[in-house]
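S.K.: Sharing a structure here in structure tokens format.
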There are 2 protein chains.
Amino acid sequence: MGFLGLREVVVWCILLFSIEISSGSTTRQFKWDVEYMFWSPDCEENVVMGINGQFPGPTIRAKAGDTISVQLTNKLHTEGVVIHWHGIRQLGTPWADGTASISQCAINPGETFVYRFKVDKAGTYFYHGHFGMQRSAGLYGSLIVDVGDGEKEPFHYDGEFNLLLSDWWHQSVHQQEVGLSSKPFRWIGEPQSLLINGRGQFNCSLAAHFSNGSTNQCKLGGNEECAPQILSVLPNTTYRLRIASITALASLNLAVGVMSDEHEHVKVTPEDILSDRPGDILSERIEDIAENLQTLILAKNLCGVTFYNDYNYVFSQNHKMVVVEADGNYVQPFEVEDVDIYSGESYSVLLTTNQDSSKNYWISVGVRGRKPQTPQALTILNYSPTSPSILLPVSPPTITPTWNDYDHSKSFSNKIFALIGSPKPPKNRDRRIILLNTQNLIDGYIKWAINNISLLLPSTPYLGSIKYSLKGAFDNKKPPEDFPNDYDVMKPPKNPNSTYGNGVYMLGLNSTVDVILQNANALSGNVSEIHPWHLHGHNFWVLGYGEGKFNKKKDEKKFNLRNPPLRNTAVIFPYGWTALRFVADNPGVWAFHCHIEPHLHMGMGVIFAAAVQHVNNIPNQALACGLTGKSFMNTKQN
Amino acid sequence: MGFLGLREVVVWCILLFSIEISSGSTTRQFKWDVEYMFWSPDCEENVVMGINGQFPGPTIRAKAGDTISVQLTNKLHTEGVVIHWHGIRQLGTPWADGTASISQCAINPGETFVYRFKVDKAGTYFYHGHFGMQRSAGLYGSLIVDVGDGEKEPFHYDGEFNLLLSDWWHQSVHQQEVGLSSKPFRWIGEPQSLLINGRGQFNCSLAAHFSNGSTNQCKLGGNEECAPQILSVLPNTTYRLRIASITALASLNLAVGVMSDEHEHVKVTPEDILSDRPGDILSERIEDIAENLQTLILAKNLCGVTFYNDYNYVFSQNHKMVVVEADGNYVQPFEVEDVDIYSGESYSVLLTTNQDSSKNYWISVGVRGRKPQTPQALTILNYSPTSPSILLPVSPPTITPTWNDYDHSKSFSNKIFALIGSPKPPKNRDRRIILLNTQNLIDGYIKWAINNISLLLPSTPYLGSIKYSLKGAFDNKKPPEDFPNDYDVMKPPKNPNSTYGNGVYMLGLNSTVDVILQNANALSGNVSEIHPWHLHGHNFWVLGYGEGKFNKKKDEKKFNLRNPPLRNTAVIFPYGWTALRFVADNPGVWAFHCHIEPHLHMGMGVIFAAAVQHVNNIPNQALACGLTGKSFMNTKQN
């Protein structure tokens, strides 16, 4: 054998290919093939959109300041594809944002496109398809950015786990799309399963032995595609859990713990709690808080008392979690028993393994905001060393808060503030755009509309049509910045008819823009849904949440300009409003939309553009479709 | 009201839009949207790819010499689309042939492409998707070209019906594609239903009352998407049935008649027939032919005696049909009791309603060449006037010939000759290309290969990459024109390993090319399948069929150069060969492939090109992808 063995040479070649270090900055190169494949995400075989034979796609791990280069080949047979790098601002590379019809043309079958962009900021991110409903088809994965060399996170942890949460349907995305675009409308329904890192269990449960026999116990060896990834931990150690939600629909809640086996199934009536007579099964802590009880719901959640069966309340023994990061931005640490997470959001929480180390615990993920017909997703927090024979926790999983316990959700959102020392928002806005979210009808088709316009993306990407001032590529009319004063957000629209549109909110470079997201009643009475809105290319400050219709005079005065959190996704609660502020400092064209996949598909989004004339070096391939494609080719005559 | 009523004006406007007559030639304009929709082709709801809300797509009806202009908008969400005009030679418009990766880039979602081409020759044609397996998804329809003004068909008929035959699966095409491209391989299986004009009946039968109760009687009001289109006829009248098969897989046979109620279920043993003692239940006609019996099968089919149950033979009372047209070419009329039709073929047959006009009759369509697991498709030939109460025929449907009765199939094919006066083939060939059809493995994936190369289409359409001499767009190596002498076509391949390729057979303009399609044994022993090969851009003469390996010296001498039929599709029988001749007189790039959709998907095709430098006026949009797209755009820098 020579100087280096063959194996070493191969390893070195692979390293050289995948990481290229020059002049201090690192380029991490990936070669990905997107294709459909058979997979059993929830123990039921189906077709998923995978990357390099994996579902979810490979995790990208990089350091702040690195350049990521993904050479993406479309191996689908007839579908185009793009990938959006969710949370990455694409400073200087708006063409790499991976939004079909906005930042680029979809990559044709058989073709390869190179996404090359910098990850400037440490945090928990992810990537996903952004064409049709390909995200729902399974095209997603994690993108984790560590702090740069010599930098430190503002909190300590000894180990970490990555939990990418998603929801899963057995009906194909193609069928879902047809149903959503049909008259009569066919809703996709609730997901069959929730997945943790692409793994869930349909028609069986890891915790079936605690139920009354209505569910089968999962028989999994551990090697199945649907077997849970167990989190093995050491006692008295602090772990960072990176939790990201890429759900198509579901709002989620995650808790780590078990139902207390001591108090299980002990009957307490709501009156017991409300009357401040909690009885001897309730701890002193409950009694303390019960003095201030306003609602049963509040009691349940503030106290870690969980609704188990009608009038059966038990304690959950949850691991406390300290939230430290949201959407790649540090937040002022706060402790919770469970974490609310909406599609498009990410959190880092610190969990210290300070519970009885002779036991294991459940990680439970349940649905919020919609009446669930989907069982909780489960995996196991496994205190090492435990005998495999007692791997399953000895008590039932914590049950996440009731779906319509919006006070719990609001309480969580209202605890999130920027870490001290974080960038503060400009004190004044240059412009305010109020966006009314309504459900509407167009020719009898059910749509979502923003200020009565339902987004129908053009076939030419805006980045090209704006850059080259192409006529007829999209609506030139400015989209509305407000809605009629007399609109009653508490009731179904008086005139539900809406129109399609694809106009652009043109933003001045470096202007400070306030966006007020105004929720309203849907088409049916007494229905108003949660919508998590995601902004591309920027973070925004969340200045506040409110109930009912936004009051332009009064509510603005209540904005938190002191320590609002920076996010890229923020929720509007039913019948409420959410106020955001951002600086349009990133030249490009940027989607701002509800991150619920079928809602976006039904038109729930708007387009922002800023200083597109400053955008350079757009790869021609990104614009080789529609009118840009045509205009490029007019020079060639055959 | 004025000079013209509003209604008249509207009608005139529609007519003006759809037909534009100038200087003697007519342009027929169509505006089509392709989209997925819910449909119940066989009474089971599914998703189909439809056009303007119809499945099958609208029928185009034109006259020879007309120009067809189809403005096709892709309303699919993520898939590209193209439409191939099967049987239309596209003289001078090879870019309108509608073959993705060959004649054009797939039309992107949201974009519109105009197919504009002349239909120069009267005949029975059709159109269908030619990207991925979109034909199987339901993207097809009829294209009927009548003779030009002042011209006459060389046969008489009083009325006509159009029967577009297809097969249908309940599994989505996307799932089928994944299975075919998987390891282990997953075959699509036999179709759930056969469809006549897009209508079939799954899990029920129009003729269930004749069976032993194993099938449910269909309860159809007639307005259902799956209700059969009944052919209402007058007695003693001659109808032209235009029969076209667009199946994904199935070879078919069509017969019009009923089982004789008199002789039903009378037991005759094969020995009865073979021993020339047919007994008194067999007619004189049988006895005549029985003298020459060679096989039982031959007897059954030549005599119109149909295999009913084991050893139960009965007469079918079929309407005779006179075949007059094949693939848009007139043939010397010949009479048959049933018509064999392979995917990609079309026939016109004349049927005279000379049977008992107090009864109705079945039109039966059954599977040939593969062991059927699909019931016969049925519709009704309804002699007018009949009381609706006796609409259903009083006897069971004719049962089409047994699937593996290849002698019957060969007998049919061998009856087809060109109508006297048709163009004859050149006497000598300039080139001979022998194409061995084998089933192979590539990295363990099951493929079909031609001379050991499995076609993997490039992402840049050949028409552009050849026209502009782009390097690297496809294999420059010439594909092989023959296979090794010692290859045993009767056995599985000794070395089943094959390779992908996409090289081109470059043909001299106006050269006469012979193609010998050589069938062989598949991967498993004793399996050799039917493959109907379809040539784009040309008709070919079918010079002959043979058994076993083509003998270069002897077999060529037997070629029929006197009156071979012109076709665009010809079948190779199991373990046999088929000899074709054509003149490469149409500049362009032309696919030649097995018309079985999954076989093409698995690589069973080759590419011919001729005089591409003579091709002009290719719309830029047709080439706005892959390397042509890139090369066009290199002039534009941003």
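Counting starts with 1 at the first residue shown.
Using N, Cα and C of the backbone, Cβ positions are placed for all residues, glycine too.
Sharing the feature lines straight out of TrEMBL:
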- A:34-146: domain 'Plastocyanin-like' (DOMAIN)
- A:161-256: domain 'Plastocyanin-like' (DOMAIN)
- A:315-385: domain 'Plastocyanin-like' (DOMAIN)
- A:495-610: domain 'Plastocyanin-like' (DOMAIN)
- A:1-24: signal peptide (SIGNAL)
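Mind mapping these onto the model and telling me what they sit next to?
M.R.: With helix defined as DSSP H, G or I and strand as E or B, the domain 'Plastocyanin-like' (A:34-146) counts 3 helix, 57 strand, 53 coil.
Taken through DSSP, the domain 'Plastocyanin-like' (A:161-256) splits into 11 helix, 32 strand, 53 coil.
The average pLDDT the prediction assigns to the domain 'Plastocyanin-like' (A:315-385) is 93.
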S.K.: In the domain 'Plastocyanin-like' (A:495-610), how many residues does DSSP assign to helix, to strand and to coil?
M.R.: 9 helix, 54 strand, 53 coil
S.K.: Across the domain 'Plastocyanin-like' (A:315-385), what are the DSSP residue counts per state (helix, strand, coil)?
M.R.: 0 helix, 44 strand, 27 coil
